[in-house]
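This report concerns only the one structure given below.
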Amino acid sequence: MRSTKKTTIASLAVMVSGALLLSSCGSSDAGSSEASESSAGGEGKTVLTVSLFGTMGFEESGLFDEYEKQNPNIDIKYESTQGETKYWPALQTKLQSGTGLADIQGIEVARIADVVANQSDKWTDLSQFVTKEQVPNYLEWKAEAATTEDGKVLALGTDIGPMGICYRSDLLEQAGLPTDPAELAAKMPDWDAYLELGRQYKANAPAGSAWTDFGGGLYNAIVSTEETIYYDESGEPVWDSNPAVKEAFDTAAEAGQEGLTAKLEQFNDPNWEPAFANGGFATIACPSWMIGYIKGKAGDAGAGKWNVTSLPGGAGGNWGGSYLAIPEASENKEEAAKLIKWMTDAEQQATVFNNVGNFPSNKEGIALVGDTTDEYFQNAPIGKVFSESAEAAPTQILGEGDGVIKTALTNALLSVEANGVAPADAWENAKAEISNQLG
Amino acid sequence: MTLSSTTAPPAPTDRPPRVVVTEKPTWKQRLFRAEEKGAPYAYIAPFFVLFIIFGLFPLVYTAWISLYSLKLGSSNAEWVGLENYVWLFENPKFYNALWKTLTIGVLATVPQLMFAIGLAHLLNYRMRGRNFFRVSMIMPYATSVAAATLVFGQIFGGGSGFANWVLSFVGIDAIDWRNGDWTAQIAIAVIVTWRWTGYNALIYLAGMQSISQDLYESAALDGANRWQQFRHITLPGLRPTILFTVVVSTIGATQLFAEPLLFGGGTANGGALNQYQTITLFMYQQGWTFGFLGRAAAIAWVTFMLIIGLVLLNTWIARRRDRDPMETAAKKARKVAAKGARR
């Protein structure tokens, strides 16, 4: 009796441990069946997953709902990561493993050269789908930047980043500065004049309010008006010897050293967003996509307090902007390509601009938004401001390491304004960091 | 089995020795024997199988990767030998990260354990609502790190955060907690301390309850006040518990990751000057922000070695400490004897 009982217990134990083993090995199966389930969806619907960063405006403008209404067989699942510097590494991990990718992923313009040069095998060539018709509609540089040498179109453009200066007219008024966009623009023939206005502001400003948010933001705005930035046309890095980069860096460092900045690292400092509402800074270099940020973070209380004017000297430029692409691992490429085409059509881009300010990259879309004014910004003619900036913008040369270099220099500027590092030392630190990363 | 049967004392004489089996065992007997021998291994197998999959394999694979130059997003790895380690030991940022791990670790662990022991001592007395206080101790531990860090991020806000508001009453100007060097480290240490003090207090409390109440009573009779009781009864009695919490906190401090990451707004930089970049944050940055998987693997291995070193050091100290109680007991005995002699 005893021995049989023992045997039963032992065999039970073997069975249990075996089952444990099976279940632990089988978990990968469970994962993949889940994935195929989600792509099949309930009631025969196709589920398209969309993963973006920041406020790209599609969800905010209700476009996903509209597309689902027009295409009852499609179910869109959307998610967004706040900061691009957090979104990108996560996306790279997923690309590496080939799992967890959405059908549609956003790509920031500073990463597109890297994608085209090094990851063309991980993204779908969109020219094989309907999207080929879309390409001629884009601003030439926007489409070219996402096309490989052998003609693969890896991504379609959503928005571009023409720039202006956004400002709190109530704060400027308190400091005795002009609040009318045209008057303010007349006082700013160049960036030095912008800093000079900042000094005047600082002398009369309400306590706890700085002229601008962050030296890194100022730097990005200045450098984004240039044609050659970090790389030359042959693809060689020239940022170190490019006087335009150094000048922009020095100007921003000067602003930081003089205390004209609020020392709030954009997107990463938890106090950056509240400062839109509580008047922590009076002006911010304002790519069109910043419009949506301001509305979101300053909220209803900020309505009618903000305004927009053109960059110092009426310069044109481009800071940021994005693309949409389909990972090679996607199982719904055709449907995803249709959705991308629709999302980047002129009408949808115009809708996004009118709602959150992301400026169209589609030529017809640009024509549609020329007369847009924005109630939130005291009826400022944002369509006109950003169209002019886009028109005057030089065609920028993009390079593989744009994102890395930009991040390192921005970080160096934070160390100048927040930690009192000498600009020359900060520049050297950034240089070491960049050569460490780019080899 | 054979070993035990040979060393076993001779069987009682009224029973025949059972060892000698002359006929060949049947198939069933053999199976039974195999099962008897194999069962313990089967029982213990799940742990080892899971350990091999999730413990040993990653460890070995990481060591292998650390010898390659592998970029996140590309699939071709290039053999570089020990180059990643050379790069690491020549990198000032590595030493910076080590130093910051140490300073934040000390800033967080020391006050944490001291508060915990004090709280536990108070909770050990009879008082109204004792259970309520004991349970509420553990609340911070049950809170998610992310939520706690976000809240503390606001508290330590640059301009008008709660911390600055409180300091303004004692006439201290607003501090830029996040961007400063020591201030950021202190802020992070506060988060860690807040989260783990209650946990350690409960462990100490459990340790205190194993100390006999008689000792306190007789000490009170002899006129010892609470501080003297704490100093001369509680602390010596808690020695093994204290050692345990020190080991656990040291390991925890070496692996500090989520707090500095989230305090930095989700970036692994640890501030513009890496002023709060811990060693794990440095590893994460190399691997997932910059995409150097080989370098990250090398850092992981060095960290692993470091932790092993720390644990060995702790064990060594523990061994030395273990000898102490004997000596103290002997000393006490001598004292008592001396007292008795005086009488």
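One-based numbering along the chain as shown.
Placement of Cβ uses the backbone N, Cα and C atoms for every residue, glycine included.
Over in TrEMBL, the protein carries these features:
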type: DOMAIN; residues: B:98-314; note: domain 'ABC transmembrane type-1'
type: TRANSMEM; residues: B:41-64; note: transmembrane segment
type: TRANSMEM; residues: B:97-120; note: transmembrane segment
type: TRANSMEM; residues: B:141-162; note: transmembrane segment
type: TRANSMEM; residues: B:182-206; note: transmembrane segment
type: TRANSMEM; residues: B:241-258; note: transmembrane segment
type: TRANSMEM; residues: B:292-313; note: transmembrane segment
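Counting only same-chain residues 6+ beyond the ends of the transmembrane segment (B:141-162), those with a CB under 8 A from a CB of the stretch are 174-179, 183, 187, 190-191, 194-196, 198-199, 258-259, 262-263, 265. By the count of Cβ pairs under 8 Å, the stretch nearest in packing to the transmembrane segment (B:41-64) among B:97-120, B:182-206, B:241-258, B:292-313 is B:292-313.
Note on the transmembrane segment (B:241-258): residues 101, 104-105, 108-109, 112-113, 116-117, 145-146, 149, 188, 192, 196, 200, 203-204, 206-207, 278-281, 284, 303, 306-307, 310-311, 314, 317-318, 321 of its chain, located 6 or more positions outside it, place their CB under 8 angstroms from a CB of the stretch. Sequence-remote contacts of a segment are chain residues at least 6 beyond its ends whose Cβ falls under 8 Å from one of its Cβ atoms, and for the transmembrane segment (B:182-206) they are 100, 103-104, 107-108, 111-113, 115-117, 119-121, 123-124, 134, 136-141, 143, 145, 148-149, 152, 156, 163, 175-176, 238, 241-242, 244-245, 249, 252-253, 256, 259-260, 263, 271, 275-276.
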